[in-house]
Amino acid sequence: MQTATPGRPTPEQIRRAPKVLLHDHLDGGLRPGTIVDIARETGYDALPEKDADRLGTWFREAADSGSLERYLETFAHTCAVMQTRDALVRVAAECAEDLAADGVVYAEVRYAPEQHLEAGLSLEEVVEAVNEGFRLGERRAREGGNRIRVGALLTAMRHAARSQEIAELANRYRDQGVVGFDIAGAEAGFPPTRHLDAFDYLKRENNHFTIHAGEAFGLPSIWQALQWCGADRLGHGVRIIDDITVADDGSVALGRLASYVRDKRIPLEMCPTSNLQTGAAASYAEHPIGLLRRLHFRVTVNTDNRLMSGTSMSEEFGHLVEAFDYTLDDMQWFTVNAMKSAFIPFDERLAMINEVIKPGYAELKAEWLFAPGTAAGPVASGSAPHRG
Ligand SMILES: O=c1[nH]cnc2c1ncn2[C@@H]1O[C@H](CO)[C@@H](O)[C@H]1O
Ligand SMILES: [Zn+2]
């Protein structure tokens with residue numbers, strides 16, 4: 001008798017499983033065809049390729065450099081086509097639709113308003129255009145049978161000096177589509193403490209923020225982000241692995257900082273493919289997410305930049321399932337972690353977990369019961385999703 005493979009989800013199940021995304025850059029997730037369209041409409045003639053397929057490949061290959069600085073150079077082209085109201089509405093709407101089609105039910109998508117002012121938009125106009133696009137995308141997704149809710153995170157660039165202004169902007173648009181704040185850009189040489197005023201301000205306003213830390217730079221960056229700046233979450237945070245020692249006999253010792261991160265349930269926004277491209281990890285199998293999940297850190301799975309990393313939430317989970325033999329239970333664990341760590345109010349997070357995420361996984365986990373052949377006789381023990 002043919003038995004269903006216990007646990008290991010199929011690509012189709014991975015896609016249908018409800019997923020939660022906390023770390024995705026709006027300017028890192030455009031459809032290549034949209035870049036080509038807007039470049040033509042707005043007269044931007046510096047694209048390296050005019051054909052959408054070749055352009056998509058160019059982004060992935062250019063981002064595959066092993067260095068965060070070179071990875072970030074590719075954003076010049078996406079930001080160049082995100083300077084008008086119409087372009088921002090379109091890009092944000094397509095982002096929501098693409099995520100929803102991939103089974104994402106809740107997403108926090110970030111972008112840096114200061115990078116979209118070249119054609120004369122104000123910071124407020126940028127935020128309002130993106131919000132409008134997200135609402136439009138949510139509606140279109142719903143019409144297509146997919147439910148998604150998208151919140152915006154406003155990013156300040158860490159090499160620039162506008163973080164206070166952007167923090168105030170995030171606070172002004174709170175409850176109007178913006179759920180938090182972030183800093184991004186080159187990490188080495190630009191410690192998060194440069195932006196202490198902005199973080200202090202947000203704390204006094206009881207607002208939320210995450211900080212890109214522990215990606216291209218190690219423990220000092222994570223330590224500053226948490227203990228000086230007071231970040232609610234860490235963008236990447238993979239280098240926390242430097243504070244964890246695994247002995248030959250398999251026993252594990254956590255340093256003070258790693259203990260703090262785990263004890264305080266600090267969410268880690270991990271982006272495996274992006275980390276392989278920038279050199280923060282060597283392979284999926286060696287990615288720190290495997291060990292951190294085993295040690296019960298509050299790990300989440302994210303895309304970072306779907307265009308530059310040629311990825312999606314389903315792709316990321318597909319790689320992890322392959323590398324670590326993860327099951328639907330593991331996927332659910334990552335997804336509940338992410339939902340718990342979102343910046344929307346607690347009651348809404350709880351409702352998403354209980355009304356959307358758990359029922360979604362329960363349905364997928366019950367599928368083996370209805371697989372062809374199971375009605376004919378007793379089910380072999382190996383076909384149950386939970387052994388024992
Ligand atoms: O992984 C990353 N690390 C640091 N900065 C990043 C990463 N991905 C994107 N950005 C930066 O964030 C800006 C706003 O979305 C992007 O323009 C890019 O410069
Ligand atoms: Zn990022």
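Glycine residues also receive a Cβ, built from the backbone N, Cα and C atoms like all the rest.
Since this is a predicted model, take the numbers as computed values, not measurements.
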Which of HIS77, HIS116, HIS212 shares the Zn(2+) site with HIS23, HIS25, ASP304 per TrEMBL? HIS212
Binding-site residues near HIS236 (site 'Important for catalytic activity'), in sequence order, restricted to HIS23, HIS25, ASP27, GLY185 and a 10 Å Cα cut-off: HIS23
Using a 10 Å cut-off on CB atoms, tell me which of the recorded positions HIS23, HIS25, HIS212, HIS236 is the least crowded. HIS25
Around ligand 2, within a Cβ distance of under 6 Å, which of the recorded positions ASP27, GLU215, HIS236 show up? none
Report, as a single number, how many Cβ atoms besides its own are within 10 Å of the Cβ of GLU215 (active site, proton donor). 25
Reported as an integer number of Å, what is the Cα distance between ASP304 (Zn(2+) binding site) and GLU215 (active site, proton donor)? 12
